[in-house]
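In what follows, a single structure is set out as structure tokens and then discussed.
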Amino acid sequence: TFERCQSFCFSLFLHFNASYLEREDPDLPVCVEQTVLVWIPLGFLWLCAPRHLMTLFQKTKVNRKHLSKLYVCKQLVVSLLFLTAIAGLGVTLGEDFGPNRDSSSTVKNAGVFYANPVLYAVTWILVLLCQAGVRRRKETVDSATLFCFWFLLVLCDIFPFQTLLREALREGKVSDVPRFCLFYISFGLEFIAFILSAVADIPPELKERVKKNPEAGAPFWSRITFHWLNSMTVKGYKKPLVQEDMWELNREDSTPYIHQHFQHFMKSELSKARIRFQHKLKKKGVEGRDKAQDEAIQNGLSNGLGKGVSHDVLIMVRAQDEKKKKKKDKKEEEENYPNSWLISTIYKTFKGLLIESAFFKLIQDLLTFVSPQLLKLMISFTEDKSDYAWRGYLYAVLLLVTALLQTVVLQQYFQRCFVLGMKVRTALMAAVYKKALVVSNDTRKEATVGETVNLMSADAQRFNDVTNFIHLLWSCPLQIIISIVFLWLELGPSVLAGLGVMILMVPVNGFLATKARNIQVMNMKYKDQRLKIMNEILNGIKILKLYAWEPSFQTQVEDIRGEELKVMRKFAYLSSVSTFIFSCAPALVSLVTFGVYVGVSPDNVLTAEKAFTSISLFNILRFPLAMLPMLIAAMVQVTVSRKRIEKFLSGEDLQSDAVRHDPSFSSAVTISDGSFAWEKEAEPLLKNVSLDIKPGRLVAVVGAVGSGKSSLMSALLGEMHNTKGFVNILGSLAFVPQQAWIQNATLKDNILFGSPDEETRFQKVIDSCALTPDLELLPGGVQTEIGEKGINLSGGQKQRVSLARAAYSEADIYLLDDPLSAVDSHVGKHLFEKVIGPNGILKDKTRILVTHGVSFLPYVDEIVVLVDGQISEIGSYDSLRASRGAFSEFLDTYAKEQSNQNQSESGNYTTFLTEYKFLKLLYGSEDIQPDHPLEDTVSVTLKRENSIRRSQRKSSVRLRLNSSIKKPRDGEEIKKGQKLIEKEAMETGQVKFSVYLQYLRALGWGYTSVAFLVYFIQNAAFVGQNLWLSDWTNDADDYKNITYPNWKRDQRVGVFGALGVAQGVFVFLGTLILANASISASRVLHSRLLRNMLRVPMVFFDTTPIGRVVNRFAKDIFTIDETIPQTFRSWIMCLLGVLGTLVGICLATPIFAIVLIPLGLIYYFVQRFYIATSRQLRRLDSVSRSPIYSHFGETVSGLSVIRAYGHQERFLKHNEITIDENLKSVYPWIVSNRWLAIRLETIGNMVVFFSALFAVISRDTLESGLVGMSISYALNITQTLNWLVRMNSELENNIVAVERVSEYSEIENEAKWITDSRPPDTWPEEGRLQFEDYKVRYRPGLDLVLHGITCDINSTEKIGIVGRTGAGKSSLTNCLFRIIEAAEGRILIDGIDIAEIGLHDLRNHLTIIPQDPVLFSGTLRMNLDPFERVSDEEIWKVLELSHLKDYVAGLQEGLQHEVAEGGENLSVGQRQLLCLARALLRKSRILILDEATAAVDLETDDLIQKTIRKEFSHCTVLTIAHRLHSIMDSSRVMVLDAGKIVEFDSPRNLLEKQGHFYAMAKDAGITEQHIPIPAETIVEQSSAL
């Protein structure tokens, strides 16, 4: 019977169509349901079962005593199913052989009724075993194969399910009750099993991990749909995500795991490459020898026989040879390292991922071509009105199924590709970091720190970007070929015409791209210029304000900006041309193809099938054609990166055996006849050095500059190439380099440097290293965060921290490379006494000290004298002194310098201890910034701030800003809540709508509305074109049996073409209008920002790091210039495109509008959730990315220290942790894009499904052309929807720039520059100053700095102003210029209240010679007279008076000489003299001299004083003095203390009074005889004569 059933089935298969399908309600034959549909799921399971059964026989460590409820339920359901199968078999047996069977009938049951229950029973036993196997697998929560099996089973059982029901309903009774019941029971159980298989069964040991990383506990369907990310998206929607919300990484995504795998393959590949490289070199060597012989013979010949050959020929031949040689050299230079191993390493490391993703990509590519074929069937279905309706529904469902499958497969492919990219980047970053720790000096010299950091940032990122799309290399050609094949089938050879147009587009686009690149280069040039000037303006803003020079600089910036905008306009026009071409392309291609097709022969009539199938195929073609050129460009870039990374990673390592650690030696340090060079091939720097140092000795190394002292240290550390001899070291090392290396960490971490924290030892080290007073000044004590490169410590402090690190490490041998040169002499003595010297905390250790300080030498055990890299003598201080060798010469040179210093320094304080107490008193001003003037600490702090900011331009504020502030400004105590630098707000949450309005306002409403209108018309043309096409395709019916008239053909093609061109033209217009609008917006926003920044009060710059302001001019303006317009344009086009599509579908099938509302709502929510999360993940990514690079830069600059302490492993670990922190936000970001895509594409797929469904429902009223149009539209929508959300999110991320710029454009300004009440031009004629109860504070809410100052200063008086730091001297000048406004009281100049007039009127009539001379880059002339108000003669005159005439006249360009940024190409003295020249040019009656303490030698100082006395004798001069000498000839001296005038009289009277002034004078060693006769008295006497 079984055979009979089978034969019966086969015959049925043949007549299948006839009886079962050709009717209104089709059905599958029972036979097929009983055989084929049973075998499919069971076959699938049997194929997959062995993998699960394997685990049953393996020994596992998994503890599975615990049975979860879920597991028990699963097994129970399957056991019940087993029972149903047995019952089924029982029923059949009962019927055939049971006691109450019908004995009269001889027909037994068909074989299927025996076979199926048996098959099922076996299968259920298998399933029981499989589930047990899954449970034993480690860290598994479910099984994908079992899930698929249950899904298939339920799916296949739906057919018999409806067959049995329909039959029962038709006949009104159930014919076979037992089987009917059993089937429905088992179906229910199968369904329950299916639901259970979708639930994750999390074993107890995984529970903790799932909390930290939900992906670990996600079941199969959740992994496909990325449902497990939901909790993060919801959290991100409710509140902005922070780094703490990030999940743990999977083990295989973590840096250590990736790095280990990569290193494993890299080792073997690199060694193979090295062998290849050696062979190549050998071959070259052999060739070289042969060549040399050949050449010798040749030369002999040419000399002997070549007499006849003309001389010219020889020269030509030689020249050609030279050229060849040069080329060859260049090539050799490129390839002189083991190469082409990186790609194979990457492939081998990640081949699993690569192959998986390739598989998914292939499936996706093939599925892409199913939709056009289904579309074709769909159209022919609507054309043939007699076809059965169910076919239409079948096609609609098939469209949905293929689309959904495509979505799932595509997202899996993308997920794998992006994770692959991430992993490649991680592997390269970790490898570069590891290499940097062991790299030799040869390789290190080839690349700067910046370049090495670039390998990590730029080059690794390029690899990342390319790996994301690597499969397109084979997938694009594949897609192109398949599309062309299908198109050929539709339209025949006329396809080639359309293809030709597409191919022609490629070079055109290439040409435009090169043009665009050149323009970009120009643009960057102007940007750099503008930012350079902005930087200078912001750094010298105080000078600009004091001199009232803002307008001149404003016009300079505006001019450059104008040029920049011109270039941008060019670029915008160019890109609109390329947009025009790109948007015309699809219309052109279809026009040419259809035109040629219809024109070739009158038989070719365009049907709806052909037209719309072709259009959807052309749409598929667009993508690979656009991607290929981009991909090729990216590949070229990657090749460059590959070479750079290969070169670095295959470089030489340090000699690991350079330093021996042989315990049999008795000395702590031994060098036996060693010669050392910095590079392999170089001359040795240290020659024949032999050294033997016993444990516990203090050895000094001395020698002239460049004699090899630091090299000796490096040799001991094993940093140099050991050309002969050896070094042996007993025990651990600590190293203090000449330039202290400080990490960006807390002060405590810098000192501990990875050692365990012991409080008492730490305190002892801190005290010995004289760090206690510093800790009192630092805001956070030992927990103060130190900026990059120790930015907020002075040089002396850095050196002491570096020494403390060594002292704390408790090593056996200390190498101290001149640590005492960076600190003041008394601190140096203290350090020697307490740390290094015979009584210091290191007294029992071996210490090797490089020093220039002669004073320490008597206390050391042994002195090594180096001369030109050789040891000239060794011995104790006295013995060397006596020998009169190189050492005594050294002593003579250095002793002179030291004695000069000591005389000037010590003064009355002789002994060291009192000096140290004195240091504690003076600490506030002593060692903080020895290299800066004492006055305006705020500006100094800001400069430091600025450099911190710059290093973090990309990250958000990572340092605790307040930690980098040193001293309070002029007597302000920094209290809580009065931090100087406010923390910058990081934007979070949604952007306010007003910001968009602001941008639209800047674009101009006219422009915006016109642009919208134009784009709208373009879309209308697009819809129109497709409607026309669908109408055109209906001609096929109208002209079925008659010839197609030519006029009709021409009209159809013509209108179609015209509409296509119209689209292009309108896009072009729209782009042009938007380009103009966005450039005007850029202009408006920038000039508003600039205008305002020059008008904000000085207080703003004191409380804002310059970097923050520069960032507004750099990053944010760049975003407004370039990113926002593009995003905005794409957003408009996407939005209108989506709307156009939906309108098109609604036109064809009006019912569709009903579905739109729910789909729209889902869409809205999905994108809101996504945007909130994605935006914050991007921010976290960039914030966590910069620590990787800064830590790397830091490591490279501190390599010798890290290696000396042997901390490479710790730094490797730290690097892995830092990269992991970054991956924690990168990985969810990748997944969030997939999460979004899968949800949006599902919405798009629903659109396709419903448009097809409604087309079927209303097919009687529809033209086939419209159906084709609406479905081909819908097929296109999925991409556009996805893109729209991307653009939306981009726009929202970028529009923030507008917000940030406008925030700074609206800051409160200072008083008006010019007011209605203007002083007379000649004011001030006399120069009388009156202060009336003048009080002032720096900012509202702070204490007063000046407490009610009242005084009168007469015309032409010379006043000296003195007082301790913070007494309010500088505040006084700031008040005169109204840099700070009065709190009460007033200042009168010649009877005019300065608060009544405009700031520029006031500042232009006063002159100041500021403390630090600020110059701007530009010509000398511009620095003296930026408004070009005076003639050249006058300028030469003042240059003569300021003793600069000879210098300037000697310059090639004279007055047009370019001054470098910050005046760096002039000496400090010259800069100071230039400032004097500025003052002389201004000729005002009141001069304020803020005395320069810094860097002016006595000679210059003398010149300045003389000139001032002579040239400003008719002026009122206020001098703020830091050295009392310079004001002893004043008419009167004002002594300030804590913001009050305590004494005000002539110097002589004040000295007699014996008050404050007397005390200060005594400190400075000044007595009455130092007082010269004041200038005025001389003048009076002479006039009396």
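Using N, Cα and C of the backbone, Cβ positions are placed for all residues, glycine too.
Per TrEMBL, the feature domain 'ABC transmembrane type-1' maps to 357-637 (among others).
According to TrEMBL, the domain 'ABC transporter' annotation covers 669-893 (among others).
Feature annotation from TrEMBL assigns domain 'ABC transmembrane type-1' to 1010-1293 (among others).
What TrEMBL records for 1329-1563 (among others) is domain 'ABC transporter'.
A Cβ distance under 8 Å defines the sequence-distant neighbours of the transmembrane segment (36-54), meaning residues of its chain 6+ beyond its ends; these are 28, 116, 119-120, 123, 126-127, 129-130, 133-134, 143, 145-146, 148-149, 152-153, 156-157, 159-160. Per TrEMBL, transmembrane segment is recorded for 36-54 (among others).
Within the same chain, residues 109, 113-114, 116-118, 120-121, 124-125, 127-128, 131-132, 178-179, 182, 185-186, 189-190, 192-193, 196 sit at least 6 positions outside the transmembrane segment (75-93) and bring their C-beta atoms closer than 8 Å to a C-beta of that stretch. TrEMBL lists 75-93 (among others) with the feature transmembrane segment.
The transmembrane segment annotation in TrEMBL covers 113-132 (among others).
Per TrEMBL, transmembrane segment is recorded for 144-162 (among others).
The transmembrane segment feature in TrEMBL is assigned to 182-202 (among others). With a cut-off of 8 Å between Cβ atoms, the residues of this chain six or more beyond the transmembrane segment (182-202) that come close are 68, 70-71, 73-74, 77-78, 80-81, 84-85, 87-88, 91, 135, 141-143, 146-147, 150-151, 153-154, 157, 160-161, 164, 210, 217-222.
Long-range contacts of the transmembrane segment (358-381) within the same chain, counting only residues at least 6 positions beyond its ends with a Cβ under 8 Å from a Cβ of the stretch, are 387, 391-392, 395-396, 398-399, 402-403, 405-406, 409-410, 412-413, 416, 471, 475, 478-479, 482-483, 486, 608-609, 612-613, 616-617, 620, 1252, 1255-1256, 1259, 1264, 1267-1268, 1271-1272, 1275. The annotation transmembrane segment is assigned in TrEMBL to 358-381 (among others).
What TrEMBL lists as transmembrane segment is 393-414 (among others).
Per TrEMBL, the feature transmembrane segment maps to 495-514 (among others).
Using a Cβ-Cβ cut-off under 8 Å and counting only residues 6 or more beyond its ends in the same chain, the transmembrane segment (571-600) has close neighbours at 487, 491-492, 494-495, 497-498, 500-502, 505, 508-509, 512-513, 515-516, 519-520, 523, 606, 611, 614-615, 618-619, 622, 1018, 1025, 1044, 1049, 1052-1053, 1056-1057, 1059-1061, 1063-1065, 1067-1068, 1071-1072, 1075-1076, 1078-1079, 1125. Feature annotation from TrEMBL assigns transmembrane segment to 571-600 (among others).
Under the heading transmembrane segment, TrEMBL lists 1002-1022 (among others). With a cut-off of 8 Å between Cβ atoms, the residues of this chain six or more beyond the transmembrane segment (1002-1022) that come close are 583, 1059, 1062-1063, 1066-1067, 1069-1070, 1073-1074, 1076-1078, 1080-1081, 1084-1085, 1132-1133, 1136-1137, 1139-1140, 1298.
Beyond the ends of the transmembrane segment (1053-1075), by six or more residues, the same chain brings 569, 572-573, 575-577, 579-581, 583-584, 587-588, 590-591, 594-595, 598-599, 1003, 1007, 1010-1011, 1014-1015, 1017-1018, 1021-1022, 1024-1025, 1028-1029, 1032, 1125, 1128-1129, 1132-1133 to within a C-beta distance below 8 angstroms of the stretch. Residues or ranges marked as transmembrane segment by TrEMBL: 1053-1075 (among others).
For the transmembrane segment (1133-1166), the residues of the chain that approach it from at least six positions outside its boundaries are 1015-1016, 1018-1020, 1022-1023, 1026-1027, 1067, 1236, 1239-1240, 1243, 1246-1247, 1250-1251, 1254-1255, 1257-1258, 1262, 1266-1267, 1269-1270, 1273-1274, 1276-1277, 1280-1281, 1283-1285, 1287, judged by C-beta separation under 8 angstroms. Residues or ranges marked as transmembrane segment by TrEMBL: 1133-1166 (among others).
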Non-local residues, at least 6 beyond the ends, that sit with Cβ under 8 Å of the transmembrane segment (495-514):
484, 487-488, 574, 577-578, 581-582, 585, 588-590, 592-593, 595-596, 618, 621, 625, 629
